[in-house]
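Shown next, in structure tokens, is the structure this report addresses.
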Amino acid sequence: MLQSLAGSSCVRLVERHRSAWCFGLLVLGYLLYLVFGAVVFSSVELPYEDLLRQELRKLKRRFLEEHECLSEPQLEQFLGRVLEASNYGVSVLSNASGNWNWDFTSALFFASTVLSTTGYGHTVPLSDGGKAFCIIYSVIGIPFTLLFLTAVVQRITVHVTRRPVLYFHIRWGFSKQMVGIVHAVVLGFVTVSCFFFIPAAVFSVLEDDWNFLESFYFCFISLSTIGLGDYVPGEGYNQKFRELYKIGITCYLLLGLIAMLVVLETFCELHELKKFRKMFYVKKDKDEDQVHIVEHDQLSFSSITDQAASVKEEQKQSEPFVAAQVSAYAEDSASH
């Protein structure tokens, strides 16, 4: 009897704090995934780093042996200055790009990477005035960019996601959940093809030193706003039509980022993912229900859209289809 009471009380305790348990598992899972990534990256990249260090030591020792008039401190001072300039996007190599890093098209490309928080790090402000302006420009520009992307994604999602799903649901009677899943998968496949595979093939042709994997890697790193900066297009030696190429890359990054956000928003609107996300949210109390606090669904990535406007939009979209079905039903009844 006591054991059954204890068991039932434990079950009630777990159910009462189910959201907290799920959140704790979520935090633990994220930390484990972080450690897993660190272990894999370290085991894969550390041997290559060690080989590169050994190769550089051999080259340095051989160079000093062949040029006895040059001391090691002088060589290190020269190399340090060269590396410092390279960090600012300036190279001393004769076959390096002779183009300026701060002409208009390059500055436009830099501004787009700053506002999208991609930040390759290949070109950075050199002067104190440029660094100060970059801070002010980013403080204003990044929220402005988020507002712009929110408005664009909301409008595109209405026409690309909600209307097609609602049409197949009302016109053909398919389950809204099933149509949403199929539509999200198809949209994701089209987006990956148009903004990853095809551009990767184009970059592998335009960039002499890039293969398809490196080009695909650049597309993913850029559109996911990681922006490591190890691959930057348009920086090759004697790049043809460099200005036009830079403008095209800027447009590609902006359109690709919008497409990625539309796909993410489409997946976040799936009923199954909404239920899954609610497992980790704090349940609202009755007092919270009485005041108009933002619902938990809006705390997810899908909060970038105005959900109240979305509901109204869906209602407006459903009216023509419902009216058409009612009129068709009335005509069939009159004919019989």
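From the backbone N, Cα and C atoms, a Cβ is placed for every residue, glycine too.
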Among ranges 6-12, 48-54, 293-299, whichever one Swiss-Prot labels region 'Important for intracellular retention in recycling endosomes':
293-299
Would Swiss-Prot have Phe168 and Glu235 facing the same side of the membrane, if we go by the names of the topological domains it assigns?
no
Tell me which range among 63-68, 225-230, 231-236, 273-278 Swiss-Prot lists as region 'Selectivity filter 2'.
225-230
In the same chain, which residue numbers or ranges, 6 or more beyond the ends of the transmembrane segment (182-202), come under 8 angstroms Cβ to Cβ?
160-161, 164-165, 168, 212, 215-216, 218-220, 223, 252, 255-256, 259-260, 262-263, 266-267, 270
Row Lys274 (SUMO cross-link), column other C-beta within 10 angstroms, all chains, value 14
Let me know the model's mean pLDDT on the topological domain 'Extracellular' (123-132).
88
